[in-house]
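A short worksheet on the structure shown next.
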Ligand SMILES: *Cc1c(COP(=O)(O)O)cnc(C)c1O
């Protein structure tokens, strides 16, 4: 059996959820498990968190239905609401909570016949300019939802574009836009994603929406004391399947992008970009083998990559390799490969997930 696998530590997931709670006194926390829980497996993650989580958030009804089919009874928020009005029947049937981010969705609710009133999270565009209602439309939309008779509860929400930049004033500007837009409305609010949970404790939020931090990755580029307490959930590992000794001047891998500057000992690892390891990781990207840090060499291929064993004599055929996890942080590899941990996790495929800690 191919030795590549992703170990998922559900105890660490619960620890990180509790850290989100601790960083948000008095707030409730929806665990964001969209995109198959950022590659960690939405059903298993939801099952591991269900006893303590206030609810879950996903991107679309397909993801929400998968959770319900697996027996998850907790509240589930659809972060983009419905894409077509005919999803409303299922939303009602399964008690999904529904973001309304656009006027067309508001109109669809007004025109729908719903068997039970909806829980709507009304989204304001406070400055990210992706989805969300324009501030001038916000209060009218709120009043129209109330008047429709089809809504039991409204939560006011918005989303930050730059909360991961700790010295950037844009989040405060977005809060000011949000506060102005919701003036006079006495509804619960939800603003904070992971970077705001960890880095912006003074921003109010009755509901927080932690995503990446649940999986143990920092959303920040710089060190941060709370982020330092996160525990990585996923360890992507494989084994050395071939070892070779090369003299100086020999090319390694496709395109001869790496040429040995000296005699070297090289390990071939069963891991490639078809597993989601970033093809753009450069020579020098960190890996761990036999407990020692070493480096990637040459181009990543589809199913294999090469690492430097020259200074790791204890490593050899069959040695375990950590591509990212508790030693090689996904954020560290992401920085080396010019991407973000979110994308590393979401790109995971082919590799079997092995769970522990539930
Ligand atoms: C994905 C998402 C989140 C979670 O973001 P993280 O940065 O992973 O914490 C929160 N809110 C919304 C609206 C999202 O789409």
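Every residue gets a Cβ built from N, Cα and C, even glycine.
The active site, proton acceptor annotation in TrEMBL covers 34, 254. Among the features that TrEMBL reports, substrate binding site is placed at 130, 302. Taken from TrEMBL, the feature domain 'Alanine racemase C-terminal' covers 233-356. Annotation source TrEMBL lists N6-(pyridoxal phosphate)lysine at 34.
Structure coloured by features recorded in TrEMBL.
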| residue | record | CB count, 10 Å |
| --- | --- | --- |
| 34 | active site, proton acceptor | 20 |
| 130 | substrate binding site | 9 |
| 254 | active site, proton acceptor | 11 |
| 302 | substrate binding site | 12 |
Sorry to bug you, but what's the C-alpha spacing from residue 302 (substrate binding site) to residue 254 (active site, proton acceptor), rounded to the closest Å?
11
Residue pair residue 302 (substrate binding site), residue 34 (active site, proton acceptor) - Cα distance, angstrom, rounded
26
Please report the distance from the Cα of residue 34 (active site, proton acceptor) to the Cα of residue 130 (substrate binding site), rounded to the nearest angstrom.
18
Which residue counts does DSSP give the domain 'Alanine racemase C-terminal' (233-356) for helix, strand and coil?
19 helix, 46 strand, 59 coil
